[in-house]
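According to TrEMBL, the feature transmembrane segment maps to 6-25, 62-83, 89-109, 148-168, 174-198, 286-309, 321-344. Marked as domain 'CAAX prenyl protease 1 N-terminal' by TrEMBL: 31-203. The domain 'Peptidase M48' annotation in TrEMBL covers 206-410. The annotation Zn(2+) binding site is assigned in TrEMBL to HIS276, HIS280, GLU354. The active site annotation in TrEMBL covers GLU277. Look at TrEMBL and you will find ASP358 tagged as active site, proton donor.
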Amino acid sequence: MDPELLKYLLMGIITLNIFIEKWLAWLNIRQVPDHLPATLDQYLDDNKLKQTRTYQVANYKFGLVTGIFTYLLTIWFIGSGFFGELDGWLRYFIDYPLFLSLAYIGILYMGSDLLSLPFDYYHTFKIEEEFGFNNTTKKVFFLDKLKSYVISIVIGGVLLYALLWLIHQAGLDFWWMFWIVAIVFMLSVNLFYTAWILPLFNKLSPLEDGDLKRDILRYAKSVGFSLDNIFVIDGSKRSSKANAFFSGLGKRKKVVLYDTLIDQHTPDELVAVLAHEIGHYKKKHIYYNLITSILQVGVMLFILSQVIYNENMSLALGGDQLALHLNFIGFTMLFSPLSMLLGIGMNMMSRKHEFEADEFAKTTYAGEPLAEALKTLSVKTLSNIHPHPWYVFVHYSHPPLIERLEKLEE
Ligand SMILES: [Zn+2]
């Protein structure tokens, strides 16, 4: 395709993308609940509903501003040939093509992150703070940033270097070779996330002996689930929002409970939440998710292999010769509609899994305490009670609260 045409195609794609994105968000925010099911009466009074609404609107506006800012900046960068100019400028300093690409992508990554820093800061210390969710101190906020820069530079740098090296050495075959590298990497993250990455940000401690631990272990045993690692994480260091998750595969699996979750729920509710999580294992969702992500990466790499050597892509972005890093940027834009479609597929699968895990908790433990826990969680986090069905279709990895309650309380 002619570079000029390709340039307008890229602009068209990202325009369509933000249009769909913001249109869905708008549909979602203008949806005002007409009535609430009786089961939520005790949890949501008028005051709480009003607060929920205000929080949703604040986040909607925030998303609108950041989205439009990023969009305009990208369009300006494409239109003005900035991406190509940056390439030309870096070529004065760096000869070796692999380092050139690494530096180029590194600069864009750091640049975009620094630009988003004021927005992140505002979201944490203004919006989250105002609604009482924020516990992050400024020190923690900036330390987090610093640590994630170091991790991205080290891990991202090594992976990117491996990818670029394969592109240079193996030609078109690079896509399946790097796919193998990516699979090994994804499996290692899965296995070692709680042991290596998480402790850099949070403190993990084993759950103390007591009623809760006894109840959890008793339940786990009743469904034949071997569980030796129950950890508590100091999530309250950053936010009052609560969570629980499993990590790792096979014998290395661990369950991690947020301290905020333990504070906000009865032991009965906590066991029900755990029963739901164990349901994900018992129904093999963890493996389905892993396999789907692996396939997704494969598709991405294959498509990358179709555009990475296309000189016109570099020219479309303002370069004067083929540059792998320019084609990377072009690829991420070209790929965005497909990535939205893949995301929809993943979310559909995930929502189905959530219902199955709820069902598992209901049959092997009890539906009621899980329903109570979900209500508390949802109300405390000021979640949208009536999301728009299309917004749910595209973005929700979990079914909306009311649909889950209907099944749990049926
Ligand atoms: Zn779940």
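Going from the start of the chain as shown, residues are counted 1 onward.
Glycine too: its Cβ is placed from the backbone N, Cα and C atoms.
Automatic, uncurated: that is what TrEMBL annotation is.
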Under 8 Å by Cβ from HIS276 (Zn(2+) binding site), same chain, sequence gap 6 or more: ALA357, ASP358, PHE360, ALA361, LEU370
Candidates GLU354, ASP358: member of the recorded positions with the richest Cβ shell (10 Å): ASP358
Distance from GLU354 (Zn(2+) binding site) back to the residue listed as 'active site', taken between C-alpha atoms, in Å: 9
Within-chain partners of the transmembrane segment (286-309) [C-beta distance under 8 Å, separation at least 6 from its ends]: 167, 172, 174-176, 178-179, 182-183, 186-187, 190, 246, 249, 280, 322, 324, 327-328, 330-331, 334-335, 338-339, 342, 346, 349-350, 353
For the Zn(2+) site built from HIS276, HIS280, GLU354, further residues of that chain with CB within 8 A of the site's CB center: GLU277, GLY279, HIS285, HIS353, GLU356, ALA357, ASP358, PHE360, ALA361
When counting Cβ pairs under 8 Å to the transmembrane segment (148-168), the leader among 6-25, 89-109, 321-344: 89-109
DSSP-derived class (H/G/I helix, E/B strand, else coil) of GLU354 (Zn(2+) binding site): helix
Spatial neighbours of HIS280 (Zn(2+) binding site) that are distant in sequence (at least 6 apart) but have CB under 8 A: PHE246, ILE286, HIS353, ALA357
Stretch-averaged pLDDT - the domain 'CAAX prenyl protease 1 N-terminal' (31-203): 93
